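A short write-up of the structure that comes next.
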Amino acid sequence: MFIDDTIAAIATAPGQGGIGIIRISGPDSLKIANKIFSPFHKGSILDYPIRTLIYGNILDGDTIIDEVLLAYMKGPNSYTAEDVIEINCHGGFISVRKILELVLKSGARMAQEGEFTKRAFLNGRIDLSQAEAVIDIINAKTEESHNVAQSQLEGTLSKKIRSLRDQITGILAQLEVAIDYPEEDIEFITYKELVDQTIDVNNQVKKLYQTADTGKILREGLKTAILGKPNVGKSSLMNLILGEDRAIVTDIPGTTRDVIEEFVNIKGIPLKIVDTAGIRATDDLVEKIGVEKSREHMKLADLALVVLDSSRPLDQEDIQILENIDQAKSLVILNKTDLACQMDIESLKSYVDTKNIINISALKGQGIDLIHDRMEDLVFEGKISDSSDLMITNSRHRDAIYKAMVSIGDAINSLNDRLPYDFIEVDLKDAWDSLGCINGDTIEEDLLDTIFSNFCIGK
Ligand code: GDP
């Protein structure tokens, strides 16, 4: 794809700050910068070494707009692999906006979301999975998720995908020889070699796919729902986890009406906590919305914290909730243990595994560590903790790997059935294509637009 226009955008976050950065990329970057920038010491931008900060004024005619530091990065040695100019001006709203307007007036056009990174991809500096890692780095909620994204940007995933595709290409090439020259006296790939090589690729793809659940949690957060009938202490628990008073706590049953979402970092797991309005059946219209959402959230949640009030006997409502939870992803939080216990623990144990019952007092702030520990065990089951391992974090990649896995599985079935090599070739070619979507070798234009539309402007 030939890119002939020059784009510009504000690269820093809006609002007040020490500095603001305007980024320009494309063939006219230098021309535009020369029009509006006057260095303090000598001549023009090219009189200074490339990639040094040049001190000077941004001028609109004779009017000084701001005193800035400007850097020129000549393509292909730049973020986009094109000529790039970055202007560091004073932060705040006015300076950055005025300079951007001037840049646009001087011949650049406003960049779209993620367009700088898209250009880095289209110009071949990075592949698609690396481009996607850029947005993951920006959005990372914990150090672990940041590490995974950083390793993806370095190309760990790209390398693995390339290696898998090369291995498939190798098998395909041997198959083709066998198909094209069946009569010739050439050393063909033996049936056993073919099976072994295909199974080897299959195992590697499977292993990669198995990291996707954990990877998704690291990237998107563990969606955690706090459930329980009114007044058991859900809001208090949420506040305890968040470490501050964010949800409203009251004595009136059913006051947590809207669903509130918050992120919190628990042992490197980004927890996306959803506080819901109990799951009690009710005629109250306002609460009903909360209740329906709450049911929905239980279905969608990766983890449910089911809160019970230990100072009261287990009642029908609690039982109804306990009967509806998914044991594999639920912890029962026995709250208010600072009060005398009125709950029949033995009967509670008939609904839930003992190790998943955790005693706390949200009021006194006791037991939160136990929740953290058990949560970690439940999520990772001791499987991972090393986020530097190659991991699939992106659901687009996960889908592509899944498709590849199905195609390779089909190829293995065809091999087992001793079907002609053409069948196997078709399946392996499909797997090769699916994997190619990950690094962008075999991806369609409109999908690219969707991917980059998730970026912010200026990146
Ligand atoms: P929700 O309706 O389930 O969200 O419950 P809240 O968090 O609003 O709490 C209801 C009431 O129980 C409030 O008066 C809290 O102060 C009280 N409460 C919450 N946790 C505890 C606890 O651990 N011990 C005691 N004694 N009271 C608690």
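Just so you know, glycine gets a Cβ as well, placed from its N, Cα and C.
Annotated (6S)-5-formyl-5,6,7,8-tetrahydrofolate binding site per TrEMBL: Arg23, Glu86, Arg125, Lys459, in sequence order. Among the features that TrEMBL reports, K(+) binding site is placed at Asn231, Thr250, Ile252, Thr255. Annotation comment: TrEMBL describes 231-236, 250-256, 275-278 as GTP binding site. Under the heading Mg(2+) binding site, TrEMBL lists Ser235, Thr256. What TrEMBL records for 221-380 is domain 'TrmE-type G'.
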Cβ under 6 Å from ligand 1: qualifying binding-site residues of Arg23, Glu86, Arg125, Lys459: none
Candidate nearest Arg23 ((6S)-5-formyl-5,6,7,8-tetrahydrofolate binding site) in space, where candidates are the binding-site residues Asn231, Lys234, Ser235 and distance is Cα-Cα: Ser235
Glu86 ((6S)-5-formyl-5,6,7,8-tetrahydrofolate binding site) - helix vs strand vs coil (DSSP): strand
When distances run from the Cα of Glu86 ((6S)-5-formyl-5,6,7,8-tetrahydrofolate binding site) to each of the binding-site residues Asn231, Lys234, Ser235, the nearest one: Ser235
The domain 'TrmE-type G' (221-380) [mean pLDDT, rounded to integer]: 77
Largest CA-to-CA spread of (6S)-5-formyl-5,6,7,8-tetrahydrofolate binders Arg23, Glu86, Arg125, Lys459, angstrom: 19
DSSP three-state assignment for Arg125 ((6S)-5-formyl-5,6,7,8-tetrahydrofolate binding site): coil
Pairwise Cα distance for Lys459 ((6S)-5-formyl-5,6,7,8-tetrahydrofolate binding site)/Lys234 (GTP binding site) [Å, integer]: 39
Where Ser235 (Mg(2+) binding site) sits in the secondary structure, as DSSP reduces it to three classes: helix
Rounded Cα separation (Å) that holds between Ser235 (Mg(2+) binding site) and Arg125 ((6S)-5-formyl-5,6,7,8-tetrahydrofolate binding site): 48
